[in-house]
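Asks: Sharing a structure, written as structure tokens. Questions coming.
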Amino acid sequence: MSLRNAARAVARATARPWGRAAVPSNADTAVAPLRASGRRQISDFPGGSNGDDAWATRMWNTMRARSRQRSARAFHSSSNAASEGGSATPTSGGGIMVASGHPSSHPQVLVVPLNRRPLMPGVIMPVRVMDERLIQEIEEMKARGQAYVGTFLKRTEGESENVSDPSDDMHDIGTFAQVQSVIRIPDISADTLKDEDEKGSSVGDDKVDIKAKAEARVRAAKGEDGGGGATLLLLGHRRLRKTATVRHQPMVVQVDHIKDPKVADRDDDDVLKATANEVIATIKDLLKVNPLAKETLQYFAQRFQDFQDPAKLADLAASMCSADDGALQEILDTLDVRERLQAALVLLKKEVELGKLQADIGRRVEEKISGDQRRYFLMEQLKSIKKELGMERDDKTALQEKFREKFAPFKDGAPAHAVKTIDEELNKLAGLEPSSSEFNVTRNYLEWLTSIPWGHSSEERLDISQAADVLDADHYGLEDVKERILEFIAVGQLRGTTQGKIITMVGPPGVGKTSIGQSIARALDRKFFRFSVGGLSDVAEIKGHRRTYVGAMPGKLVQCLKSTGVSNPVVLIDEVDKLGRGFQGDPASALLELLDPEQNGSFLDHYLDVPVDLSKVLFVCTANVLDTIPGPLLDRMEVVRLSGYIADEKRAIARTYLEKTAKERSGVGEKEASISDAAMNSLIEDYCREAGVRNLQKHLEKIYRKVALKLAKAKGPEASKKMGQARNKVAAAKKALEAKEDELKKANASAKSKKTVEAAEKEVEDAKEALAAAEAAVIEVIESTAVSDPIVVDAGKDLIEYVGQPPFQTDRIYDQTPPGVVTGLAWTSMGGSTLYIECTAIHQNGTDKKGGTLTTTGQLGDVMKESSSIAHTFARSFLARRFPGNTFFDDNALHIHVPAGATPKDGPSAGCTMITGMISLATDRPVKPNLAMTGEVTLTGIVMPIGGVKEKTIAARRSGVTTILFPEGNKKDWDELSDDIKEGLEVHFVSTYDEVYKHALSVE
């Protein structure tokens, strides 16, 4: 049978006279054909895949039989509906087309605006409506009987010209539709707002959706309807043309009902029939590439729609297309059946081509992945078969799965070369025997490769105020370092991301270089890793060993990434100025790649042999001096100098940090013992004069250990037992808190549900409360077992009892320096110190006296010996110029000594001091009291600038010096010092030795 005859047969089979049966008007019955048809595919119809006419015939016959069955089931209910007075049009699918919807009964219709896709006659479509007044009016119509509305598609912004009349915002041609059902959608936001107003808002209520409340309040403030709306199930009947607006809210318009011409008028039009046949053939082609279109076709066939009616066929074809709203509206606007059918055919052809393109894309994608899927399924089957037959040990398979699971969290962020290497090694491992030596090498290699956090970075704290609080809480002073870290955070905050830097802190021991690294990690909320390179002589510690060596391991940086689990830790490289050098290579040269921001983005470890990105790592290096750091390595570092502390800073550090730590480590309660201010000052001045505070910390711990001994004897063993139990609870609470905080970070990072994150946050709060309770229990035990009289350590004999005799009373050897003795200032790796230059004439017997010679002692270095020679030459010329009759240098041999003799000394800054000592001796004038000087002098008397201004100033204050002579070139360094360091000092800046003489020896 031809396709045309098949279509006519279906039309005759499905045609029924109007008014024979009425069916119940519920939505479930109306959409039943859609649900039923959705359960079957094209393959359910024999011949559906070969595309011939026989398949179409069988499909029509199938729908025809199902239509007859539904008509029989609906017959009984139709008589009941007819007896109630309203005639209806029966449909084989259970839908309702009530005859009371006559055009004369509805000259005015309630408007349902459509935002997308116009409703076609004969098609059922759900529509979401948000206007509460419109919904209520439709519900009232449904309560009175059948509800009919007019649906009109809204114009786009470009099409809308006159907005004075709201109806002009919609197209003129719409669809007269029957409301099958109204389904209310709950208004969650409004309910939330109402419940909150009734119950009252409570702080910390996790059940309140803040976003929903805010949106509801905004809509209420604007006067907009914030209801959840309703879904209308609409069945299109015929076309409408709106002529006038009757009412605006909700909109009611005057309409003209447009009827399609009858099919009988077009029977002799062969072109129209051929076009209809082509539409049917195209629909058949569309079913091949788009099975979803079958639902629309079956729904159409089960109603009073004639496949030979070109008007209805055009509407059916348009409803099966996924064209844009404008194209569908044009078909709805087209009243001429010829043009409408032609336009629908064009859309159908486009839909078929689109479906073919979609199928082609799907086929290509399927072909691309089918090979991998096939291989995967075969490998899984092979594994199962081998496992069942016992042909393969489970250990190797489990090992591969372990590595794959270990690498899975980092696979998305890993570079392509790393993924490729890991896959190759896993394939290699699968082919190796576990007994072979290569198996263990490959396993260890994979262990390291899959342990590195490829591309995984921890979240940083880019809050400047919080970081400043952390740094201030851990360290006193060190403003330069804190400012640099805050600058780093500020740059990251503005850029939205941070990159690694290399910061090198240089200063004497004990000033907090290492501990500041931990504070930086806490301030940034990064992981911390530390390793020392002092005495390191093997390059493999930095770059790793080759895998060919027995016991080969990666370098320290790869170990750091594995232990921290992130790619952006804070790495502290300690004692970088004490690198060694051996036959295994030069570690300083290996650090060049590691500490170069331009190279460490692809750092190559010898063991991994895969580039690793270290560009996000913040490197913090520490050193005591810069002289031993190679120039190329130093060029890659950003140097921040840390000078020593003055007495006031040490006192503040001791009271704020060191004393509390010493008490805690010794188990002494806060009120059980204390150190008086006089004892603290004596401890700083007479016992701990070095630039740092490490020695001061040792002395404080020594004092409180002796205090702990006295307290333990007074309390007895029972108090010790209670304290041990309480402190064990504190340690367990701290461990539990750390575990809960890690779980919270993982929950936030994995973007789990809000409830999971809230539960983790609650567990963290509970752990904090448990820790606070445990610490309170420790304090309670201390107070309950405290002795009646607290121990107070005072200066004098009491302090000597705890820490022994002071190693030195003062830096000053002379209360008033005699002629020939001058106080100088020196910089050392331990900070600054005062240095005395002693000059005297060598006593000679007899008349043959040898003058003009110079002898130096005190373990002076080469530079200092040259400075003494320059000073001697200049002093002789200066004395001859100032005092022409003075022949002291010609008559006497000089001896210069710099105590203490056991300490090596070197440097160019003693020139001024040596010249002043010689001139003082020659003129027999003592230097002004409490005066110290530093500076290098040339042969012409020019005073050159020196280094270590801050350290030398601190040393001068510590020794009681009140007047300092600095070179003019160091004025900028003096201006950078804080006011507390400069307090109480008189400073003169000199550019020539004449000015030095004026301030030091002149009687004017």
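For all residues, glycine too, the Cβ spot is worked out from N, Cα and C.
Per TrEMBL, the feature region 'Disordered' maps to 66-104. TrEMBL lists 74-88 with the feature compositional bias 'Low complexity'. Taken from TrEMBL, the feature domain 'Lon N-terminal' applies to 109-352. Annotation comment: TrEMBL describes Gly507, Pro508, Pro509, Gly510, Val511, Gly512, Lys513, Thr514 as ATP binding site. Annotation source TrEMBL lists coiled coil at 723-784. What TrEMBL lists as domain 'Lon proteolytic' is 816-1003. According to TrEMBL, the active site annotation covers Ser909, Lys952.
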Asks: State the count of C-beta atoms found within 10 angstroms of the C-beta of Thr514 (ATP binding site), not counting that atom itself.
Replies: 17
Asks: So which one is it: of the binding-site residues Pro509, Gly510, Gly512, which has the fewest other Cβ atoms within 10 Å?
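Replies: Sparsest of the binding-site residues Pro509, Gly510, Gly512 by Cβ contacts within 10 Å: Pro509.
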Asks: Name, in the order they occur in the sequence, the residues of the same chain whose CB lies under 8 A from the CB of Gly507 (ATP binding site) and which sit 6 or more residues away.
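Replies: Lys513, Asn624, Arg641, Leu642, Ser643, Gly644, Ala691, Gly692 - these are the non-local Cβ neighbours of Gly507 (ATP binding site), listed in sequence order.
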Asks: Within 8 Å of the centroid of the Cβ atoms of Gly507, Pro508, Pro509, Gly510, Val511, Gly512, Lys513, Thr514, which other residues of that chain place their own Cβ, given that this set defines the recorded ATP site?
Replies: Met505, Thr622, Asn624, Leu642, Ala691, Gly692, Arg694
Asks: These are the recorded positions: Lys513, Lys952. Which one scores highest on other Cβ atoms within 10 Å?
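Replies: Compared across Lys513, Lys952, the most Cβ atoms within 10 Å surround Lys952.
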Asks: Could you tell me the C-alpha distance between Lys952 (active site) and Ser909 (active site) in angstrom, no decimals?
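Replies: On Cα coordinates alone, these residues lie 11 Å apart.
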Asks: Can you name the residues of this chain that are 6 or more positions from Ser909 (active site) yet have a C-beta less than 8 Å from its C-beta?
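Replies: When sequence neighbours closer than 6 are ignored, Ser909 (active site) has Gly824, Leu825, Ala826, Trp827, Thr934, Gly935, Glu936, Ile946, Gly947 within Cβ distance under 8 Å.
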Asks: Would you mind giving the whole-number mean pLDDT across the domain 'Lon N-terminal' (109-352)?
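Replies: Summarising the domain 'Lon N-terminal' (109-352) by its mean pLDDT gives 75.
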